[in-house]
């Protein structure tokens, strides 16, 4: 079965839902991992994409996402502050570029950014572009096309908006906005000319079937940069007592995401520090070919130099030439 699926993918076909469910329950996980490895190398070669972020505005978010320490609905202990200055953002971007990182994103808490905040961040992006040639991304919540156009005009080429989890599971985790609102933001970003980055968090209590549903959903909306965060339960949030995924569950999820999205950059993201070095290497072997590196929001990230070495040891080349397609469904 694995060889049949692999041949079909190479010839332009797709994995079916029924096949994904069978692979998830198969006892021969190594065969699944090897197939995902070969598909990764066939479609994506040895390129590895890197990006970094700065938490440009922290805390006091009005949304009630159950996993998130930024929400003001919960009692998580995090630092809270307003927008960072353009000088601070530009300095961090230049520092990350010197470390060999290809992309840099401002990330801000909140449902959306006000027009005044958008103008302030446009100033930050202009300052970044004056300091360095790093590619600019943004993750600022649910934005209108008008606001996205301002960002695009000031150097932002990629917009990040995580769909977070399977459509069947999302309503149990967040009641203050919907995935349809996220999709509207993604489509607006594409209309102004931006690329899109959208993934989510695994290990929030969803089933393997829902992870597969999520992977197919991302495929259906043509996402080609997929951050795969691992829940790091944060004290004070509703998910603080959630049990961690097993290593096999995590690696199986990566393999299935690869077979369902063979042309995507699957990105190490938040919570990765929970994985052992051996599991991180195995994940890269199976299908991870991008990473957020540096300090990640309110969880512990991975330092750039260590990540660069890991990527090279796993047979990949860190490169800035990793653009994905710009426009699909408007």
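Here the Cβ of each residue, glycine as well, is placed from N, Cα and C on the backbone.
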Quick one: which of 89, 136, 137, 174 does Swiss-Prot put in the [2Fe-2S] cluster site with 105, 197, 267? 137
Which number gives the other C-beta atoms within 10 angstroms of the C-beta of residue 68 ([4Fe-4S] cluster binding site), all protein chains shown included? 24
According to DSSP, folded down to helix, strand and coil, what is residue 65 ([4Fe-4S] cluster binding site)? coil
Starting from the [4Fe-4S] cluster site formed by 61, 65, 68, give every other residue of that chain whose CB sits within 8 Å of the mean position of their CB atoms, in sequence order. 63, 64, 67, 69, 70, 71, 73, 109, 174
Same chain, not part of 105, 137, 197, 267: whose C-beta falls within 8 angstroms of the C-beta centre of the [2Fe-2S] cluster site? Give them in sequence order. 51, 53, 103, 139, 158, 160, 225, 227, 292
Ranked by the number of other Cβ atoms within 10 Å of their own Cβ, which of the binding-site residues 61, 65, 197 ranks first? 197
Closest of 61, 65, 68 to residue 267 ([2Fe-2S] cluster binding site), Cα positions, binding-site residues only: 68
Could you tell me the mean pLDDT the prediction assigns to the domain 'Radical SAM core' (43-272)? 96
